[in-house]
Structures are given as C-alpha cells and as structure tokens.
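Following: one structure in structure tokens, then a few remarks.
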Amino acid sequence: MRLPLASPALTGKRLLALVRSYAAPMTAIVGLQLLAALSAVSLPWIVGDIVDAIGAGTTRQWVLGRIGIALVLVALNFILVWLSDYKSRTLGERLFAILREDLVDAVVHLPLSTVESAGSGDLIGRTTHDIDRVQMMIRRGLSAILVLVTTVLVTLVAAAIVSPRLVWVLIAEIPLVVLVAKWYVPRTIPSYQASSAVVAEFSGVASETVAQAETVDALRLGPTRWAKYDSLLAQMWRLERYGAWMRVFLFVGMVIVTLSPIALLIALGAVGVPAGWVSAGAVTTMVMYCYQLRVPLWEATFWSDELQFAYTSLQRIFGVDLVEADRRAREGATGGGAIVVDSVGYAYREGAPVLHDVSLTLREGETLAIVGPSGAGKSTLGRMIAGIHPPSSGTVRAGGVDLVDLPEKELRRTVVLVTQEHHVFVGSIAQNLRLAAADADDDALWEALRAVGAADWVANEGGLEMRVGAGGVQLPPARAQQIALARIILMNPSTLVLDEATSLLDSSSARSVEQSLARVLQGRTVVAIAHRLHTAHEADRVAVMVDGRIAELGTHDELLALGGEYARLWKAWRGGD
C-alpha cells in the first residue's frame, strides 16, 4: 500500500491557503516588485528618448541630465530589488517552516496500521526527497514568479505606450512561450511523479538494508539487495534521461522564441525608420524591452520546470493528510478505570480475521499474562488493549469510554504498549528519557534507569549526558530496550502492555527487570504477552490464546490443574528449560 496523493485541485487550494495566511506581507512584496519593475522599464525609455534627441540635435547638458536620471533609477532599482528579495526570502522561510511542521505533525499522527502497510520508504521519501524539492519553490519560487509576472506586465504596458505599432511583436512572444510550456508540461509531470516514487522506494530499500545489515550479511542477501538497487537505479536513470531530453527541447524552443522577436524588431526598424512611421529611439527602446523580457521568460520556463517537480512533491506531501484517522477522539474524554474488551474481532485484511469474538475484563492493579502458540493473536490483542488499532468489531473501553474516543494524549496516559522493537533517538540519554516526561528531573531519570537495571552502565559510560545514536555511542539492542522501558516508567500509565518487551535480554536479566518493573509499577495494571512462561507463573492471571480466541483464563495453578493447553505449554517449557 502506498500513501495517497492529493488531487491537483486540492494541492492548489492548500497552497493558495498557505499563501493567503500571509496576505499582508505578500501585498507589500508585490508593491515593492511593482516599483522595481517600473524603475527597470524606465531605463530603455530614457535611452530611446536620448537616441531621438541626439538625432534631433539636442544639447550636451540635456543628454547628461537624462543620464543622471538613469543612474538614479538604477540605484533605486537596486534598492527596491534588494528589499523585495529580502522580504520574499523571509516570507518564504516562514511558509516553508509551516509546511514542514504540518507534514511532521501529519506523519506522527498517522495510524500505525497505515505506517506499517505503507512501509518506511514512502514516508522517508515524502519527508526528505519531496520536502527538499518543494523547498526551492516555497523559499524562492513563489516570489520569483510574482516578480516575473509583474515585470512582464509592466514591460508590455510601457512598450504599448512607446510604440503601439511595434508592441504586437512583444505580445506575440507570450503565446509562443505558452505553447512551448503546454508542449513541455504534460510530457514531464508523469516522469516526475514516477521519479519521486522510485526515489522513495530506493530510500526504503537503502534504510532497511543498513538497519538490518547483520541479517543481510548472515543470510547472504547481498546479491539480492544489489539486484534490487540495480533495478531501481536503472529506472531512475531512464526517468532522469527522459527528463533531461525534455529540458533540452525546452531550451532550444525558448532560444528560438526569445531571440526571433529581436531580429524581427531590427528588420522592422530598418524599414520603418526611413519610412517615418517609427523613430530610431522607439525601435531602440522596443529592442531593449524585448531583450529585458528574455530574463523573465527564461525564468518562467525554469520555474515551470521547478513547479512541476514541486507540484508533484506537494501532491505527495499534502496526500499524507488524506489518510483517514482510525479513531474519533472526543474532546474532554477521559479513560480512567479498568479496561474491558467486549466481543472484539479484528482482521488486518478483509476476509482474514485474526481475532474472533474476544472478551476480557482487566482487573485494576493486576498482572495478566497472555500466552499461546505463535500466530494465536496475542500481539494483536495487545494492540487492541493499547488502543493502537481500533477493533474491526466489538469495543475496547477504559472506565466505560471507548479507547477510540480518547484524545491521543489521554490515551497514552491510560495505556501504553511496549514491544520488542525499540529506537534510540540521536541525543543524550537524558533527552531520550525526557521524551516520555519533559519535566522529569535527574533523580526521576536515575530512578527509572535503576528500575530497568541500566543505572550502572549509564553511570560508568558518561552519565545522563552520554550521546547515543548516530554520531554517538551505538547502544546494543538489549541496552536500547532498557532505555525504552525506562521511558515507559516515566510515562507512568494506568495500564501497561508488554509485548515481549524484555525478549532482547538474557533470561536472568529479563526476570530481574520484570521484577523491578513489578515493584515500580505496583498498583498499575500490567498485561504481559509472554514467551518465557516464568512471567505467567508470577502473574495474577493467565489468558491462553489459540487461533484468535481466549481458550483458557485463570491463575497459573488453576490452569495447570485444568490439564489443558496451558498445562501442555508449561510442561513443554519446563522440559526444555
């Protein structure tokens, strides 16, 4: 599954709304650009005036006066362009910051099921490659497009005043540029969309290979991964080569379109000046105007190319917001109290249910162990209890409130899931821990580390300010898991779901950490999805899952006496101990 793309209409609407949010500074920028354009078009007018005056025999003082006015206009144009550029760059940075923040907000609030099915490549591509492509357009492109549009309009108006008979040459240039663009754009947008998708897939393959380098090496998957790289690189090469050829054709077309009018004006001047229907000064001014138009028209083609890149990326960026939420949070809803699972069913894909009519009531303050064979649905039930996935049927409530009705912040105060998967963020140990409790003091951090058996190695290797992650100490999986568990202690939820959360620790360390957690979390409800049955032995109750259903529920001793599935699992585990 890929994340959706925003439609062209929606993309334009979102971009326009972003710009409208800064209407006042945008108006000021347009005003400065208009003044700059007026000062720029005045120079050819003055030059043409000087040419005609010299031909008529004007005085030296008059010419020097016009040259002085031209120099003042050049200085004024420089100041106006500088101010406009400064303000447009500042505004571009603000707009781009909003865009990035909105994207990050949308990504971190994506339903976990969507993240897992979409894969890391698509998300990495949208948050890196696509945001980089948009960066230039937002920071510079929007203001640059305003500049060139203003310059073209002011130049055409000035040309019409100078010579109504010759202005059609300049006006005819515009539809020719439009024709070139209309030929170019439809042939490039599909390739840019395909290129973005391939780059996203390449990013995913690369990140997965690096993250699982040991697995790739152990299973000798190197040739397979290289073959995948080669295939993606070949696709990228074909798409980039196609885009390059399109840009070559665009370049040639624009050279013809922008230089031909200059040649035509010179030819018309050669006929019109002797015939008396146009002055030499007017021809000079029109040629200068035509030459001036080359810059904005060339920029128009450049920005049209950049606009296609950026527009494609904006469709992918805005598409993240189109993912439907898997919860319907009610403002003010609270979820204190016992969690009740009522007739819950769940299917990751239609027609393949994983849970079947599961009902379970957690008692406040108890430790419930969920055991069963692989594929029985233990982890899926844990996700239901933690509110990660809303059930396909039935309800999961906390204190009588459906978990999908709880705002995200309240949900995480109510119940938290810890899995065997973990991540250490770039930064210090303290920064990693304070992600769970921003206002926690150092004493609270050390207490959490002691509870998970990590205080000694943290103290010996740099303390709370030890840098970890990329560019710092690379923590082995077992230690990273301890940091993840310490974060959960700092979060202090009412209910904690542990899905093989100590699986990366050896048996002795795992048991010690679990006992420490039990002491720290005393009074909290703990659901432990266990692969080591000593967890079940020490739990208040044990739920045995088979084929997506709770087959047995009771204490350790009750289930052993029952002689059913749990008794068989216990016997097999003890026999292999």
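Every residue gets a Cβ built from N, Cα and C, even glycine.
Note that the coordinates shown come from a computational prediction; the quantities given were computed from them, not determined experimentally.
Database features, via TrEMBL:
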- 28-308: domain 'ABC transmembrane type-1' (DOMAIN)
- 339-572: domain 'ABC transporter' (DOMAIN)
- 21-43: transmembrane segment (TRANSMEM)
- 63-84: transmembrane segment (TRANSMEM)
- 141-161: transmembrane segment (TRANSMEM)
- 167-185: transmembrane segment (TRANSMEM)
- 248-268: transmembrane segment (TRANSMEM)
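Tertiary neighbourhood of the transmembrane segment (167-185): same-chain residues 152, 155-156, 159-160, 246, 249-250, 253-254, 257-258, 261, 264-265, 268, 286, 289-290, 293, 297, 300-301, 304-305, 308, selected by CB-CB distance under 8 Å and a gap of 6+ residues from either end. The stretch with the most CB contacts under 8 Å to the transmembrane segment (21-43), chosen from 63-84, 141-161, 248-268, is 141-161. Averaged across the domain 'ABC transporter' (339-572), pLDDT for the predicted model comes to 84.
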